[in-house]
Amino acid sequence: AAGHQRLLPVIRNCRKAKLNNCNLTWKSYDIVASALQSSNSPLRDLDLSYNNLGDSGVELLCAGLRSPNCKLQRLGLGWCNLTEGCCDVLASVLRSPHSELRDLELRDNELQDSGVRALSAGLEEPHCKLQRLGLSGCRVTQRGCDFLASALCSNSSHLRELDLRYNHPGDSGVRALSAAKLDTLTLLMDHGGENRTKLGPRKYGCQLTLDPNTANREMSLSEGNRKVTHTSGREEQPHPDHPERFEVWSQVVCRESLCERCYWEAEFSVSERGQVYIAVTDKGIGRKGEVSNCEFGWNKNSWSLRCFNPSDSDKHSDSDKLKYSVWHNKNQTHIPAPPSPYRRAGVCDDDDGRGVCVYRVVCVWTVRPALCPSTASLTPTH
């Protein structure tokens with residue numbers, strides 16, 4: 001209740017409200033919708049990305065967006081667990097004569113071609129003022145591109161930028177969109193391919209190998225440099241001297257740089273009273289000495305998920321005894337243990353500095369990106 005009371009003045013008195021990754025509830029969405037309908041609302045820019053809004057939450061929100069009092073110009077709904085089921089109601093906002101919406105960000109939602117078809121119908125309407133539409137990572141194929149091209153060819157379209165990166169338009173989809181108002185439209189279609197049609201973060205899947213030139217001498221690499229084992233001081237590996245090698249900390253980074261949206265999975269086991277770090281870092285992390293600028297999660301250059309057996313666990317190392325925490329720049333955030341044990345984690349690293357998400361495989365278990373706010377500095381990453 002106290003949180004809702006603090007939210008109300010922000011929504012009702014600010015021109016810009018950045019509420020991404022705030023674990024908003026239904027009560028929160030109701031407050032937002034109510035504020036959008038209030039007379040003389042100053043709100044022009046609203047970012048609700050990385051909240052579990054869902055299609056039903058969008059329906060509630062759109063009641064406010066269609067209000068004659070609503071003057072909102074930019075709306076961010078990226079990573080909000082949306083499907084094609086919400087696109088008809090969003091299209092109703094686009095075609096509303098009262099809507100002032102100019103920028104709609106819908107990245108990384110499962111909208112697919114059927115959702116794009118509904119949105120395209122809204123773009124064709126004479127009342128639609130939208131100038132930018134973000135659909136990156138929304139599983140759009142050539143069919144969806146045809147719907148968009150048809151809308152762009154209509155005389156009423158005001159669209160100036162269309163973001164379709166990380167989709168699968170195919171050659172025909174690219175041709176159709178390129179022929180539609182190319183002189184007035186900025187079209188973003190990088191990083192496409194058939195793998196972009198996969199469900200969830202696996203659309204960004206990549207293959208990584210560990211770099212033996214960076215491995216600490218207590219780290220043993222095997223299986224084509226795709227597996228690492230900590231020797232716990234029992235056996236020092238004969239790694240030659242190298243300027244990129246971690247001298248003190250038992251760490252290793254991958255050979256490949258992550259310069260675009262990437263997802264990978266790591267299978268792990270933790271011994272009694274042991275721990276595992278799954279990390280993302282940039283090239284600027286230190287390598288020499290026992291100092292914080294070298295350890296994953298203890299500096300601004302890196303982020304890490306720590307999985308560990310607490311000291312009070314019994315002698316049998318079971319994954320249901322594990323505890324979890326996120327580290328960044330020496331700041332620790334404890335993560336509630338998932339409802340069932342697991343030994344496989346997926347990591348999704350964004351390409352524009354918005355954050356890192358961690359998933360429990362197979363059932364999704366998410367570490368919200370706000371837990372590592374400086375991931376914008378991790379470029380290129382490992």
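Each residue, glycine too, has its Cβ placed from N, Cα and C.
The domain 'SPRY-associated' feature in TrEMBL is assigned to 205-259. Look at TrEMBL and you will find 215-243 tagged as region 'Disordered'. For 232-243, the entry in TrEMBL reads compositional bias 'Basic and acidic residues'.
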For the domain 'SPRY-associated' (205-259), the mean pLDDT of the predicted model = 93
Query = Restricting to the same chain and to residues at least six past its boundaries, which positions have a Cβ under 8 Å from a Cβ of the compositional bias 'Basic and acidic residues' (232-243)?
reply = 212-215, 217-220, 271, 287
Request  = Sort the residues of the region 'Disordered' (215-243) into helix, strand and coil with DSSP and give the three counts.
outcome  = 0 helix, 8 strand, 21 coil
